[in-house]
Amino acid sequence: MMKRLRIERATGQLLAARPGCPSTPGAALRSSYKCATQVAPVRYSSSSSAVETEPVYEEDGTDHSRFPPLEKLPPNTSTLPSPLPYRALESAKLSALHARLSLSPKIPLQTLARTLVDASADPNPLFNNSSLAFLGATIINYHASEWFMVHYPRLPMDVLFAAMAGLAGPAPLNRIAKSWGIEVAAAPGGEVDPGLLQFSLENPGESIAGFGYTRTVVDKINKNNWKRSVASKVIYDDDFGQLIMPRKTKESEDKAVEEDQGQGVYHEEAANPTPKFSPTSYGSSTTRELSEKAHANFARAVVGAVYTHCGRAAAKSFVKAHVLCRELDLERLFAFKHPTLELAMLCAREEFEPPVARLLSETGRLSRTPVFVVGVYSGNDKLGEGQGATLEQARLKAAMHALKAWYLYSPGEGAKVPSDVLEMETGGGGGGEQQGQGQGQQGKNKGWEPAYIDIGELISR
């Protein structure tokens, strides 16, 4: 016969581990509430009884027993426009940002703190990020432009400007800087944590972030909507084909208002002078523009800091990892006015046979939703294909597809940019001495193969 097991014998040791509680399961259930409500006696580290201390209040009424005082700052810190450089070593936010970006130990925290100080917060170029932002903008625009010109050599210049702005302009750099997890200070000052981005909403500041010239007729261009040629954009304007506006001063604004009033133009701001924005008016177009500019300059300054302390190869790797890795749909940047005329001009320039549109297939011609498929041919070669609800719409889409296929030609991902060949000749900049000599010898033997450059774009007026 099977013996009846006594579970309480097997679990007696576990139940007996709790002092003051019965060892049997039945008694444990009956006295569970009693055991749970037992309170352990309070023990003090000293032999004397505990004495309740009264809270200490300061003159401002703060209870420092509950709220410890802030860190002690040097005298006259609040009068400084930006934090002192040595405080960067004490900032936890700055150390976290340094580790989050996987920056090299060669980059000191003081330099990273300087990248967070915009020119609007501290006008002194020795303490703000204007010089680093200019250097970083040059490096970013160089690598972006060479990548586009090698991988898409037939891009029209206007589309190239738009692609540059979509990849390395202020808006994408603003999103990149925000993705790094930086926080913005409410207002700049010497008492601010060095790990916060500091810029002013009252003083936009002056910082140069690119090359270009200010046209003498820039005001008339904006006022009369004058057209600018592609050549003038390349020579005079910035890297994105945008006009460089002159620096506004009080005298220039007053002169412009006087000229407009002489022509009968009424200025409400001159009649009722009120500030355009206040420091707390977040969400307006002006504050968004200033915030985007400050974030973009910070991203450029970080690239400039990497180049300064780590060299060209590290800066290129940083740009490739954070800027060039982003996807950009180039097809959405095209806007054709007369696609059939441009395609005919392209075929004439390349000495192809004139393009001819042919109907490939159709369905539902007499229905409410017909579909026509039209192909554009040059001789026996098919250039493009498009479909639409009408024959004219399908023909235009086929011409646009043919033009996009021509302009978006790419030699492939293996195409080398000039900076790659420069690294091969100099040994890569980051490897060992023997490896660098081997790569340099290999680069010299191979030589430089220039990238394909198209004869020019087609412009129909």
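Quick reminder: no glycine exception, Cβ is built from N, Cα and C everywhere.
Just so you know, TrEMBL annotations never went through curation; they're auto-generated.
The following features are taken from TrEMBL:
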- 275-288: compositional bias 'Polar residues' (COMPBIAS)
- 426-441: compositional bias 'Gly residues' (COMPBIAS)
- 94-182: domain 'RNase III' (DOMAIN)
- 338-408: domain 'DRBM' (DOMAIN)
- 50-78: region 'Disordered' (REGION)
- 249-288: region 'Disordered' (REGION)
- 422-448: region 'Disordered' (REGION)
Tally of residues which DSSP labels helix, strand or coil - the domain 'DRBM' (338-408): 28 helix, 24 strand, 19 coil
Arithmetic mean of per-residue pLDDT over the domain 'DRBM' (338-408): 93
Counts by DSSP class (helix H/G/I, strand E/B, coil) across the domain 'RNase III' (94-182): 58 helix, 1 strand, 30 coil
